[in-house]
């Protein structure tokens, strides 16, 4: 039986064997607080590759030490971190998948002892510290840090880079009028609020020619915040700059009540795909093969990002294939265990 979910997908010169992407999820497991990959990361990501995920995207990886969400985040701010990341991509490639990295800066959500940086001195909520408004020098240094991180990503063997522009972290803070009250060229109009991300994309394009994704929060869930229609213009600009795919998440730039249900963010992937004419990834409570297949068949997205379901079961692709009646080619080491596997959770 044919399946869209298990059909290949090519972006530039990178071909994914199927449409399943492991969504980036922080593991907070750099136990020495030095940003280094540990044995846990090798097993964690290698197992999902062996489980037949098409693209394994490692977690938000900080471009600067002060840009970590926590002290135990992975980092890519120094050349000494390349070796561990290269081991990770080798594990992923050896098990049949492509490897992606999400480059990130936590901004005002950095829970560290040092000052948190943000476009404006506005805390996320009443319990978190008030960040320091970034100077233009700090902005330029951060843009350079993203560029240097892209160089290291290439040296580490990654096939795809994703820029983390969602979930209330630094880039998202610049994009949203709820967190960006600047009066210079980095604040005010949508064009100005986009400038920080524009300059990051330009800087990465100077050193990286592989597939480039951007994760967005397509809805601020606030009456004065951004909606998916605002992101249509942002993503049109991203496409003009050469971004290949928009990973469509939502929320977390300010505290908000969100009506969560299966596939609740698919609408954003569909809207951006249709109105910005750019490839999209759907993410958020996608938990079955049938659900993923329907999203693709309805042309609502091009890739399916799976998060918590892959934490529950690293062999989710096998379960999805069984559900869809698709004969998935197994790793040769597992050929002695043919047939269906349980879908019980």
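Glycine is no exception: its Cβ is also placed from the backbone N, Cα and C atoms.
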| field | Further binder of FMN named by Swiss-Prot next to 23, 24, 25, 26, 60, 215, 307, 308, taken from the candidates 102, 155, 265, 267 | value | 102
| said: Using DSSP and collapsing to three states, where does residue 25 (FMN binding site) fall: helix, strand or coil? | reply: coil
| request: Would you identify the secondary structure of residue 166 (substrate binding site) according to DSSP, in three states? | output: coil
| query | With every protein chain in view, how many other Cβ atoms are within 10 Å of the Cβ of residue 165 (substrate binding site)? | reply | 28
| Given that the record lists 28, 164, 165, 166, 167 as binding substrate, what is the largest C-alpha to C-alpha distance among them, in Å? | 20
| request: Would you mind reading off the Cα separation of residue 164 (substrate binding site) from residue 60 (FMN binding site), to the nearest angstrom? | output: 7
